[in-house]
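The structure appears right after this line, and notes come after that.
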Amino acid sequence: MSEDHFDDEHEGHGGGGGSRHPMAARFRGYLPVVVDVETGGFNSATDALLEIAAVTIGMDERGFVFPEHTYFFRVEPFEGANIEAAALEFTGIKLDHPLRMAVSEETAMNDIFRGVRKALKANGCKRAVLVGHNASFDLGFVNAAVARMDMKRNPFHPFSSFDTATLAGLAYGQTVLAKACQAAGIDFDGREAHSARYDTEKTAELFCGIVNRWKEMGGWEDFDD
């Protein structure tokens, strides 16, 4: 199914059409929302979702975008979830840490989706599009969680995304998040990496920097459809 065909079938889903709003005009009715997940492995169907963060994107009166609001949750593994020891070693997540204070997948996803729907309404957008660094990985885990819980109101487009690894490769010649941030002049602390919150906020800075740089270069103007 093409993106346009999906949009036609879901025209009214997700909040107020309003292409007059500058954010809706900039991204064809989509609201970029940056997402990062930390997981128990690479398989979204079998491996645990352990952390998830999302950053909604705002736009100022000049048409420049900025990271607006962060949502972050440590997540309890779903029943029967696989967790690879190598994944925990890589992320540094300690499941038994007394301050981990994890919530269920349902709580995490519902709270994030509620915030995203609020941002959709505020920006006159009909649907969110996931922004991620290697976005297909994050989108796969979001979609798997939605399917596990049989959630009916997923504000994210099910297959379209903006990948900052690709965008940063184009803009800066770097595809690794830390190196792309360095090339973009964004501070990046490797000791904080592989926290969903930290990586999401840095990815949001990177995405906004690329979009704004393109605007400054005259690469986008607000044309009516």
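One is the number of the first residue shown, and numbering goes on along the chain from there.
Heads up, the Cβ atoms here are built off N, Cα and C, so glycines get one too.
Per Swiss-Prot, the features are:
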| type | residues | note |
| --- | --- | --- |
| ACT_SITE | His194 | active site, proton donor/acceptor |
| BINDING | Asp36, Glu38, His194, Asp199 | Mg(2+) 2 binding site |
| BINDING | Asp36 | Mg(2+) 1 binding site |
| DOMAIN | 33-207 | domain 'Exonuclease' |
| REGION | 1-21 | region 'Disordered' |
| SITE | Phe42 | site 'Important for substrate binding and specificity' |
| SITE | Phe90 | site 'Important for substrate binding and specificity' |
| SITE | Phe137 | site 'Important for substrate binding and specificity' |
| SITE | Phe159 | site 'Important for substrate binding and specificity' |
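Shown here: features listed in Swiss-Prot, placed on the structure.
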residue : record                                                 : Cβ within 10 Å
Asp36   : Mg(2+) 2 binding site                                  : 30
Glu38   : Mg(2+) 2 binding site                                  : 24
Phe42   : site 'Important for substrate binding and specificity' : 12
Phe90   : site 'Important for substrate binding and specificity' : 11
Phe137  : site 'Important for substrate binding and specificity' : 16
Phe159  : site 'Important for substrate binding and specificity' : 12
His194  : active site, proton donor/acceptor                     : 16
Asp199  : Mg(2+) 2 binding site                                  : 25
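The Cβ centroid of Asp36, Glu38, His194, Asp199 marks the Mg(2+) 2 site; residues of that chain outside this set whose Cβ lies within 8 Å of it are Val37, Glu51, Ala53, Thr91, Ala193, Ser195, Ala196, Arg197, Tyr198, Thr200, given in sequence order.
DSSP assigns Phe159 (site 'Important for substrate binding and specificity') to a strand segment in the three-state reduction. Here the candidates are the recorded positions Glu38, Phe42, Phe159. The one whose C-alpha lies nearest to that of the residue listed as 'active site, proton donor/acceptor' is Glu38. Within the set of recorded sites Phe90, Phe137, Phe159, the entry lying nearest in space to Asp36 (Mg(2+) 2 binding site) is Phe137 (CA atoms).
Inclusion criterion for the recorded positions Phe90, Phe137, Phe159, Asp199: a C-alpha placed within 10 angstroms of the C-alpha of Phe42 (site 'Important for substrate binding and specificity'); this criterion is met by Phe137. Phe159 (site 'Important for substrate binding and specificity') is 20 Å away from Glu38 (Mg(2+) 2 binding site) when you measure Cα to Cα. The average per-residue pLDDT of the prediction over the domain 'Exonuclease' (33-207) is 98, rounded to a whole number.
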